[in-house]
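Participant: Dumping what Swiss-Prot says about this protein:
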type: DISULFID; residues: Cys18-Cys68; note: disulfide bond
type: DISULFID; residues: Cys22-Cys43; note: disulfide bond
type: DISULFID; residues: Cys29-Cys50; note: disulfide bond
type: DISULFID; residues: Cys33-Cys52; note: disulfide bond
type: DOMAIN; residues: 7-69; note: domain 'LCN-type CS-alpha/beta'
type: SIGNAL; residues: 1-5; note: signal peptide
Amino acid sequence: LIGVKTEHGYLLDKYTGCKVWCVINNESCNGECKRRGGYYGYCYFWKLACFCQGARKSELWHYETNKCNGRM
């Protein structure tokens, strides 16, 4: 059995390098999170970004490797 380490964080828009944005749509974030291997996603309203639990690290936005250029 091989385990894959999962994490929690904001979903990464791989095209822009930014967080995947949202307004109040938990369904959209939850669906996107699950498509990326997570188990639950929601729109974190204060950051206007999709937060995902249980996704692979490569699917998540990280401050240290931020390539968004201040857009979000």
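In case you wondered, yes, glycine gets a Cβ from its N, Cα and C as well.
Give me the local environment of each listed feature.
Facilitator: When other Cβ atoms within 10 Å of the Cβ of Cys18 (disulfide bond) are tallied across all protein chains shown, the result is 20.
Cys43 (disulfide bond) falls within a strand when secondary structure is assigned with DSSP.
Cys50 (disulfide bond) falls within a strand segment according to DSSP.
Around Cys33 (disulfide bond), taking its Cβ as the centre, 24 other Cβ atoms fall within 10 Å, counting all chains. In three-state terms derived from DSSP, Cys33 (disulfide bond) belongs to a helical segment.
Within the model, the domain 'LCN-type CS-alpha/beta' (7-69) shows a mean pLDDT value of 93, rounded to a whole number.
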Participant: Does Cys50 (disulfide bond) have same-chain partners at least 6 apart in sequence with Cβ under 8 Å from its own Cβ, and which are they?
Facilitator: Tyr10, Leu11, Lys19, Val20, Trp21, Cys22, Ser28, Cys29, Glu32, Cys33, Gly41, Tyr42, Cys43, Tyr44
Participant: Are there any residues in the same chain, six or more apart in sequence, whose C-beta is under 8 angstroms from the C-beta of Cys52 (disulfide bond), and if so which?
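Facilitator: Once residues fewer than 6 apart are set aside, Cys52 (disulfide bond) is near His8, Gly9, Tyr10, Leu11, Cys29, Glu32, Cys33, Arg36, Gly38, Tyr40, Gly41, Glu59, Leu60.
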Participant: Which residue, out of the disulfide-bonded residues Cys22, Cys29, Cys43, Cys68, shows the minimum number of other Cβ atoms inside 10 Å of its Cβ in this structure?
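Facilitator: With the disulfide-bonded residues Cys22, Cys29, Cys43, Cys68, fewest surrounding Cβ atoms within 10 Å: Cys68.
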